[in-house]
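The structure appears below as structure tokens.
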């Protein structure tokens with residue numbers, strides 16, 4: 001018997017003489033347990049921001065009244081974009097770069113995402129290194145930031161025991177004093193007095209450098225086997241913080257003066273709702289808390305099976321994240337209320353956000369409790385587990401994005417490639433371990449994921465709904481989940497979400513403020529460097545467009561732009577059995593899994609594609 005001959009147009013570029021077996025890339029792999037994906041998403045979304053940003057944002061923007069814009073913005077921006085990202089990842093089983101087969105003209109969006117995630121991963125692991133430093137420092141009977149009198153303390157240092165003895169108020173002549181915990185953080189941990197500013201980093205702090213090395217080692221060991229290993233670690237890192245949070249909450253609300261802090265946190269000030277700033281702050285909190293645009297959600301969803309119910313998972317994760325933020329507020333402010341009573345000062349004088357809360361205020365509050373090292377250890381262990389699973393997601397995003405681009409070369413060597421990425425990012429992060437490292441961390445935090453991230457998310461939303469097409473995207477979801485998204489999702493994707501994020505972007509540009517750390521103002525060159533970080537991720541989009549158009553043959557507009565904006569030949573579900581309807585797998589006699597759509601577009605004249613597509617559309621409409 002003679003072997004059937006495969007026509008040239010049916011042989012994929014990756015197959016040699018129609019033989020797919022020898023050239024097939026190694027399998028990407030999938031989640032191994034039913035809860036792996038859900039817990040990974042929860043671990044990724046519930047991070048340090050839930051503990052140190054949300055409570056402070058809530059109390060400065062109207063207390064309990066802040067929950068109104070918060071949940072409205074969750075419905076308009078959070079849930080729809082979250083669902084869109086999961087859908088794109090699960091439908092294509094591709095990472096943040098390769099997923100742009102949906103419209104190769106916009107592959108630069110994926111490149112911008114990877115740049116942003118890489119910058120964030122560098123400084124985020126430095127925060128985990130600080131947490132590790134404090135975690136080890138808590139393994140003692142007497143916390144080192146409890147009293148003055150250490151070599152790093154100055155004459156301005158005054159601990160709360162002295163204040164308590166002095167009639168519970170600050171005497172007029174010592175209002176400029178600082179707490180032992182503040183001096184421990186700035187003068188011992190950071191040793192910031194050794195640096196005059198961002199241009200003078202000073203010496204490397206070797207204890208911080210070792211902590212950074214340890215945090216990168218932990219991250220590498222957990223992502224060593226991709227989602228197969230990180231999917232198991234999250235069973236602990238995503239659930240254990242809730243246990244500690246509940247313990248801190250119970251301890252907090254039983255303290256004297258706790259209700260003073262909680263009242264301060266939740267008292268609604270409805271007049272704030274008339275301010276545009278409050279609505280913008282709510283949208284920003286949702287935007288960064290859910291981690292949309294960083295590619296982590298898309299990466300995690302790409303390891304799902306094709307029919308996983310991501311619709312249900314979207315609501316579980318987004319609402320769970322919101323409830324966690326609110327709970328964390330109770331845990332934090334109950335302790336701040338107790339602290340303000342102990343110090344005899346108003347709550348707003350002890351309340352801070354960001355590193356100031358985690359490394360100064362809360363550790364100081366711990367020293368006032370019985371068994372203070374135990375509570376301090378628990379608090380920092382909670383921060384460690386909250387931070388680690390977010391870092392897993394950042395690393396998995398980078399590794400998956402690049403290995404999906406070069407599956408034949410990199411997928412078999414994924415562990416070695418992960419090690420190279422971790423070592424490279426560790427070396428780039430060494431500047432953060434210097435005496436002036438905190439200035440660099442603030443610069444990265446302020447600019448790496450600012451307006452660049454918003455541009456990425458807005459572009460993604462517009463490309464999917466306008467260029468790929470809303471009808472087509474909904475049909476893909478129908479094929480995957482068995483139902484089409486309702487009018488709520490379609491309205492948000494088409495109008496509400498992009499419009500809200502445009503408003504966020506404009507507000508951020510108009511209300512731009514230069515970075516600062518305490519009283520230190522950053523020099524102009526540092527500001528320019530920060531702005532360039534944000535602009536560079538945006539520039540990836542036009543750069544990607546130029547590359548995509550140059551790859552196409554023919555005139556610039558007629559063939560170049562139009563051809564590059566259409567889905568690539570092999571866009572669609574990754575497995576043969578899931579390619580139905582317009583993605584129907586192959587023509588009769590073909591040994592190469594190529595969608596008919598491709599041949600229609602590239603070679604023309606295949607009317608069976610048109611017939612198939614019309615029939616599928618008719619069938620779907622009849623079913624509905």
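For all residues, glycine too, the Cβ spot is worked out from N, Cα and C.
Annotated in TrEMBL:
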BINDING   43, 46, 50, 289, 321, 386, 389, 390  Na(+) binding site
DISULFID  148-157  disulfide bond
TRANSMEM  37-55  transmembrane segment
TRANSMEM  67-88  transmembrane segment
TRANSMEM  109-136  transmembrane segment
TRANSMEM  233-250  transmembrane segment
TRANSMEM  282-303  transmembrane segment
TRANSMEM  315-339  transmembrane segment
TRANSMEM  374-394  transmembrane segment
TRANSMEM  415-441  transmembrane segment
TRANSMEM  447-468  transmembrane segment
TRANSMEM  488-510  transmembrane segment
TRANSMEM  530-550  transmembrane segment
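Features as recorded by TrEMBL, highlighted on the structure.
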residue: 43; record: Na(+) binding site; CB count, 10 Å: 28
residue: 46; record: Na(+) binding site; CB count, 10 Å: 28
residue: 50; record: Na(+) binding site; CB count, 10 Å: 24
residue: 148; record: disulfide bond; CB count, 10 Å: 20
residue: 157; record: disulfide bond; CB count, 10 Å: 20
residue: 289; record: Na(+) binding site; CB count, 10 Å: 24
residue: 321; record: Na(+) binding site; CB count, 10 Å: 25
residue: 386; record: Na(+) binding site; CB count, 10 Å: 27
residue: 389; record: Na(+) binding site; CB count, 10 Å: 25
residue: 390; record: Na(+) binding site; CB count, 10 Å: 23
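Ranking 67-88, 109-136, 447-468 by CB pairs under 8 A with the transmembrane segment (415-441) puts 109-136 at the top. Within the same chain, residues 48, 96-100, 189, 207-208, 211-212, 214-216, 219, 293-296, 355, 358-359, 363, 376-377, 380-381, 383-384, 387-388, 390-391, 394-395, 397-398, 401-402, 425-426, 428-429, 432-433, 437, 440-441, 444-445, 448-449, 452-453, 455-456, 459-460, 463, 533, 536-538, 540-541, 543-544 sit at least 6 positions outside the transmembrane segment (109-136) and bring their C-beta atoms closer than 8 Å to a C-beta of that stretch.
Taking the C-alpha positions, the distance from residue 389 (Na(+) binding site) to residue 148 (disulfide bond) comes to 36 Å. In this chain, the transmembrane segment (447-468) lies apart from the transmembrane segment (315-339): fewer than three C-beta pairs between them fall below 8 angstroms, excluding pairs fewer than 6 positions apart. The transmembrane segment (282-303) makes no contact with the transmembrane segment (530-550): fewer than 3 of their CB pairs lie within 8 A, with pairs spaced 6 or more apart in sequence. The transmembrane segment (315-339) shares the most Cβ pairs under 8 Å with 37-55, out of the stretches 37-55, 67-88, 233-250, 488-510, 530-550.
Within 8 A of the CB centroid of the Na(+) site residues 43, 46, 50, 289, 321, 386, 389, 390, the other residues of that chain are 42, 44, 45, 47, 48, 49, 238, 241, 291, 324.
Using the rule of three or more Cβ pairs under 8 Å, pairs at least 6 apart in sequence, the transmembrane segment (37-55) is not in contact with the transmembrane segment (488-510). Same-chain residues lying 6+ beyond the ends of the transmembrane segment (67-88) with a Cβ under 8 Å from its Cβ atoms: 58, 99, 102, 273, 278-279, 281-283, 285-287, 290, 292-293, 297-298, 300-301, 310-311, 313-315, 317-318, 322, 326, 457, 460-461, 464, 473, 476-477, 480, 485, 488-489, 492-493, 496-497, 500-501. Residues of the same chain lying 6 or more positions beyond the ends of the transmembrane segment (488-510) and with a Cβ under 8 Å from any Cβ of it are 73, 76-77, 79-81, 83-84, 276, 280, 283-284, 287, 450-451, 454-455, 457-458, 461-462, 464-465, 470, 473-474. Note: the CA-CA distance between residue 390 (Na(+) binding site) and residue 148 (disulfide bond) rounds to 36 Å.
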